[in-house]
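Asker: The following block contains the structure, expressed as structure tokens.
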Amino acid sequence: MNIGVIGGGSWGTALAKLLAENGHDVLVWCHEKPLPAAINEGHENTEYLPGFTLPDNLRATNDIQETIADKEMIVSVVPSHVLRKVISQVADDIPPATPIVSATKGIENETQMLVSDILEDVLPEYCHPYLVYLSGPSFAKEVAAQKPTAVTVASYNHKLAERVQRVFSNDVFRAYTSTDVVGVEIGGAVKNVIAIAAGAVAGMELGLNSRAGMITRGLHEMSRLAVSIGANPLTLSGLAGMGDLVLTCTGGLSRNRSVGVKLGQGHSLEEIVGGMNMVAEGVKTSKSVHSLSQKLGVEMPICEKVYQVLYEGLSTEDAVTELMSRELKPELQGLY
Ligand SMILES: NC(=O)C1=CN([C@@H]2O[C@H](COP(=O)(O)OP(=O)(O)OC[C@H]3O[C@@H](n4cnc5c(N)ncnc54)[C@H](OP(=O)(O)O)[C@@H]3O)[C@@H](O)[C@H]2O)C=CC1
Ligand SMILES: O=C(CO)COP(=O)(O)O
């Protein structure tokens, strides 16, 4: 197949490499940086995925129109805060019946829209039955290093999810299908907020009991939010829920967790984000989750503390004290 990948960050490049290794011809759109030369001539994304040789059938461009022209599949992998703007540039030029696979994780700040809502808002109606969402525990570097990885591909169009499953899967990358788009999306977005909390707990050296508690209660919050907007709670126990939550809350490669670690060590958000060239989606998603949980009346205490630490000057020490002194309650309250 001829495949266009919109987004030459670490995940876009790792997915493009995977698809090229699966035998497809892949063209990657890079936003601004002079990366196409490094990729086309040096076969390396020196900025976002250094150290990995990219195959000859993976090429890059700064021309977004070229990335979608004559393609049999389009993969969208830009950060969530620029998704609307980027896809709007090509929305009316995507040919009917072209599968569009989104691998972005996040919730829009201004509207609290999920990625699926944004894409349906921006793309013409004829594109909607061709949308698929890829999510799950998958650090770009490990996928690029061909470490065994399992993800979920979700679509309301089950046959299409099965097609996409076959296009991405190989001996070391295994995709499972799902029709629970909302559950998969909430898992991928909210786990980044909980990972900041888990990172903070690590940065404050609060121990492994705290980390396990944070992950488990975080899963409960994710599930409650997802169920309130129609998801199957079991999806949140799957790859795009618990799988990605555990990876991001425990893995040293996580950008979101590393933001939390530095917060827990006493650094300011400005200092932390100023020193990063990559996106930590949870920083923005915490704002969206704060608004969404208030709008829907869903209690999400860990996410709320992350929001207050990031944007309202709450110290991580006070956040822990406040979480631990909440009213005592049954474990499953609010889920069923
Ligand atoms: N990295 C990972 O392991 C995984 C990431 N994801 C998700 O994939 C999505 C993309 O993240 P990732 O690939 O990691 O990104 P990176 O953090 O590696 O890179 C950021 C990317 O965003 C681009 N960018 C920045 N500003 C703009 C803009 N205004 N318009 C268009 N592009 C812009 C950058 O291009 P430039 O430098 O040219 O501006 C660069 O390509 C996120 O939602 C992330 O959560 C999901 C699974 C795994
Ligand atoms: O989503 C990811 C792994 O599945 C990447 O997590 P970070 O953005 O925290 O690095």
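Cβ atoms are placed via backbone N, Cα and C, with glycine included.
Curation does not apply to TrEMBL; its annotations are automatic.
A quick note: this is a predicted structure, and the numbers were derived from the prediction, not measured.
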Asker: According to TrEMBL, Ser10, Trp11, His31, Tyr48, Lys105, Ala140, Val279, Glu281 bind NADPH; which one of Arg166, Arg174, Arg255 is listed for that same site?
Answerer: Arg255
Asker: Between Glu281 (NADPH binding site) and Gly136 (sn-glycerol 3-phosphate binding site), find the distance joining the two CA atoms and give it rounded to the nearest Å.
Answerer: 15
Asker: How many Å separate the two farthest-apart Cα atoms among the sn-glycerol 3-phosphate-binding residues Lys105, Gly136, Ser138, Lys191, Asp244, Ser254, Arg255, Asn256?
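Answerer: Comparing all Cα pairs, the maximum is 15 Å.
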Asker: May I ask which of the binding-site residues Gly9, Gly12, Arg255 have a CB within less than 6 Å of any atom of ligand 1, listed in sequence order?
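Answerer: Among the binding-site residues listed, those whose Cβ sits under 6 Å from ligand 1 are Gly9, Gly12.
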Asker: Find the average pLDDT over the domain 'Glycerol-3-phosphate dehydrogenase NAD-dependent C-terminal' (180-320) in the predicted model and report it.
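Answerer: Per the prediction, mean pLDDT sits at 97 for the domain 'Glycerol-3-phosphate dehydrogenase NAD-dependent C-terminal' (180-320).
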